[in-house]
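Following: one structure in structure tokens, then a few remarks.
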Amino acid sequence: MTDTLLPAAPQPLEKEGDDYFRKGCNPLAQTGRSKLQNQRAALNQQILKAVRMRTGAENLLKVATNQKVREQVRLELSFVNSDLQMLKEELEGLNISVGVYQGTEEAFTIPLIPLGLKETKEVDFSIVFKDFILEHYSEDSYLYEDDIADLMDLRQACRTPSRDEAGVELLMSYFIQLGFVESRFFPPTRHMGLLFTWYDSFTGVPVSQQTLLLEKASVLFNIGALYTQIGTRCNRQTQAGLESAVDAFQRAAGVLNYLKETFTHTPSYDMSPAMLSVLVKMMLAQAQESVFEKVCLPGIQNEFFVLVKVAQEAAKVAEAYRQLHAAMSQEPVKENIPYSWASVAYVKAYHYGALAHYFAATLLIDHQLKPGADEDHQEKCLSQLYDRMPEGMTPLATLKNAGQRVLLGKGHLHRAIGFHEESLREANLCKKLRDIQVLRDVLSAAHQRTQLKHTQHREDDDLLNLIDAPDVLPKTEREVKITFPDFSKVTVTDFFQKLGPLSVFSASKRWSPPRGIHFTVEEGDLGFTLRGNTPVQVHFLDPHCSASLAGAKEGDYIVSIQGVDCKWLTVSEVMKLLKSFGGEEVEMKVVSLLDSTSSMHNKCATYSVGMQKTYSMICLSMDDDDKADKTKKISKKLSFLSWGTSKNRQKSASTLCLPEVGLARSQNKKKLPTPFSLLNSDSSLY
């Protein structure tokens, strides 16, 4: 019979009044955001069903020989593929449902894009953890039922976090807690039989894994997604609100970048390095857009130096969105990112580019170099506005020559109108963007304002004397940057601290069952000394002392004395406890460290219903192939939702299943993985 230990007095995990910390939003609350998440969960289930049906039809098509059966299967397969395409479009519609996440204040501003939270299935830790506690730690598992329940409640709360800092802390606390759990219950030499399932945020396809890699990466993704939702709900009509938005998007970029650099073999395409790089760019672009809105919020004065600054700020935002759109257009991101997101990036790139040209035209047409003006400063600002001046023009000559200024200004207006028309065209082409009325209103208002300015200064020979205005150089007074996550601000106590100090009592170390040492505590000399922090070890053991004769060994860890848990007691505390039993016989329970079986770290099998290979499997196969043969041809990675059939398609399972221990399969091929009012002649543009 395995000896068991009495638990130490449980320490409070949190201070009183912090009960909210483990709670998420009410999952039954019918808010706009919860409705969207419920729709996402329902779509995920429909996609799972459709993918399984497609997989079954493809398998039947491979083995069927009857021509009529094959024709019928092909017909059914075409219906299933059509359904999958429709479901994908519905999921894309949820990803572009930006109105729900915006602030409640009425604002004439372009909506920002948030990320939706990844959905997951429930996981029951109780049986697996209780078995492991009994087997590995030799303790009564029923003593930890409340702790396991707390962990499961925390995970459940993380599925519906509140859209504020408390929600972020909730997710961070679970992420930190997962680090404790991984060390306590997940040995590096075997799997625990728990299957963690998360749904891809963009495709809805479920991916399952038996290690905590997927769980931790998905929680990090949701922390970043929650920051984006916090950023989009900020009041962008106040300086404080815009500052909060900038901070939130920078933090979102930091979390996503941390995810990309820390979890390189994530098994889902929405968390692949290529996709995460694009998402980081998108968050920084939206942060830069908020910086521009913050500059414009007090009103743009019709003054030379102010207009130079605003024009370059707008050009900076346009540059950020151009780079974002270029990244979204690359493979393999292009296959899985919502098309409407790429359209938004394209629209904003041209919209803010048009604003840069409009403000440049305004400063050239409306302002003259007056006597007594700071000529040198204006010349310097104008020269810094462009990479190069148009042929035959110099900054100082242009400032002094009214005709040249107006001519160059008209060139900027001409380019601004072209950019406005291109942004409106793209917004009208995308069905999802046509439904966002505020976006169309902002684009139309900016276009009309530029056209009015052009009409006020139009002449008959404009087409003959038109100058091709150069691009406005991007420049900003505040360069947005990644804000890395600070997990130290969240204080978390290990749910399973009763098992003992984590540095000693972990899943990576094997222990003997607790042995009872019955000996008499002699006055003065115990026959051994103690060393270490917590728990303490037996040291310098006299082979003739009563403890040694009772079975104690040098190096043993003392875990209890007379039923008192000693795993967290220091040397002085244990010594004081022993001496309190002077002259009496005591029972001291000890454990010995066993040699760990040498074994390579198991690579975790990843399961994705109906998928050829997940991202992590591709990366793992690459690692293996590099060792075997570095000259193998790299084949193109297939899309996560490739609707058609392929001759070289690998066989896929229609159901999720647990892997067999020790089963290894060789890989034969290597895969790579603002409001704008019309400009008057007054000193203010707004």
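Placement of Cβ uses the backbone N, Cα and C atoms for every residue, glycine included.
Regional average pLDDT for the domain 'REM-1' (26-100) in the model is 71. Feature annotation from Swiss-Prot assigns domain 'REM-1' to 26-100.
According to Swiss-Prot, the feature domain 'BRO1' maps to 111-502.
Among the features that Swiss-Prot reports, domain 'PDZ' is placed at 515-593.
Under the heading phosphothreonine, Swiss-Prot lists THR655, citing a large-scale study or a structure entry as support.
Secondary structure of the region 'Interaction with Rho' (46-66) per DSSP, as helix, strand and coil residue counts: 18 helix, 0 strand, 3 coil. Per Swiss-Prot, region 'Interaction with Rho' is recorded for 46-66.
Counting residue by residue with DSSP, the domain 'PDZ' (515-593) contains 13 helix, 27 strand, 39 coil.
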